[in-house]
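Following: one structure in structure tokens, then a few remarks.
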């Protein structure tokens, strides 16, 4: 049985899934900046594990009011500041199926080897290709936090001369040596349970990680942007508690009833 991740968001462009995201507040979603393409019409779907809900009795469809890109975002060629805030047209109501994930404090630090989870609608495979198809049901993969220097060395072998830094301080790596999420899940959450709370450690940034199964996932490190995120929100405060481990367990038990 698949767990239920109540903060998971499908970011839609003209009603087509383009990226994942994480709900952090009734009115706000965090995703990757590189997911955003100009002034297209965006919306989000949440409260369901299905990519194409048959009805919206529990699933929510919400138009997007505004999207705020981080000013340091450089673009796909050399990704820095790969984080964006999605402001929803109307606040969502929390339920068993819709809950926010906690933002980490700026000084929060995850130890190497910490167990975390990544989620999204791409195929979980040992071998990836650019033609990987989206799956109708939300997928999950267990991953472990990886040392940034080791992660950087891994990618330098494949892409750049050794003197060029790739994995920067605003990034965080996680791996499970072959099982990872791939195309279609940029912006999706790297979620870690710490002392009974679920923390948004990162959002998926590098799709080049899909090229080889052994490549670690590279995520935008949310601690580097917590202050910026809170500043963009109207009062910097959250309207409800973020998801606890106890609540997630309850959601997991209720998951078979979702069906929408």
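Glycine is treated like the rest: Cβ placed from N, Cα and C.
Over in Swiss-Prot, the protein carries these features:
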ACT_SITE  34  active site, charge relay system
ACT_SITE  82  active site, charge relay system
ACT_SITE  186  active site, charge relay system
DISULFID  19-35  disulfide bond
DISULFID  116-192  disulfide bond
DISULFID  151-173  disulfide bond
DISULFID  182-210  disulfide bond
DOMAIN    1-234  domain 'Peptidase S1'
CARBOHYD  55  N-linked glycosylation site
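Structure coloured by features recorded in Swiss-Prot.
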residue	record	DSSP class
19	disulfide bond	strand
34	active site, charge relay system	helix
82	active site, charge relay system	coil
116	disulfide bond	strand
151	disulfide bond	helix
173	disulfide bond	strand
186	active site, charge relay system	coil
192	disulfide bond	strand
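Taking a C-beta cut-off of under 8 Å and a sequence gap of six or more, residue 82 (active site, charge relay system) has these contacts in its own chain: 32, 33, 34, 70, 73, 203, 205, 220. Using a 10 Å Cα-Cα cut-off from residue 19 (disulfide bond), the recorded positions that qualify among 151, 186, 192 are 186. Here the Cα atom of residue 186 (active site, charge relay system) is found 14 Å from that of residue 173 (disulfide bond). When the Cα atoms are compared, residue 35 (disulfide bond) and residue 116 (disulfide bond) turn out to be 23 Å apart.
In this structure the C-alpha atoms belonging to residue 173 (disulfide bond) and residue 116 (disulfide bond) are separated by 11 Å. Across the structure, residue 116 (disulfide bond) and residue 151 (disulfide bond) are spaced 16 Å apart at their Cα atoms. All protein chains considered, the CB of residue 35 (disulfide bond) has 23 other CB atoms within 10 Å. Here the CA atom of residue 192 (disulfide bond) lies 19 Å from the CA atom of residue 151 (disulfide bond). If you take the C-beta of residue 192 (disulfide bond) and look for same-chain residues 6 or more apart in sequence within under 8 angstroms, you find 110, 114, 115, 116, 117, 145, 198, 199, 201.
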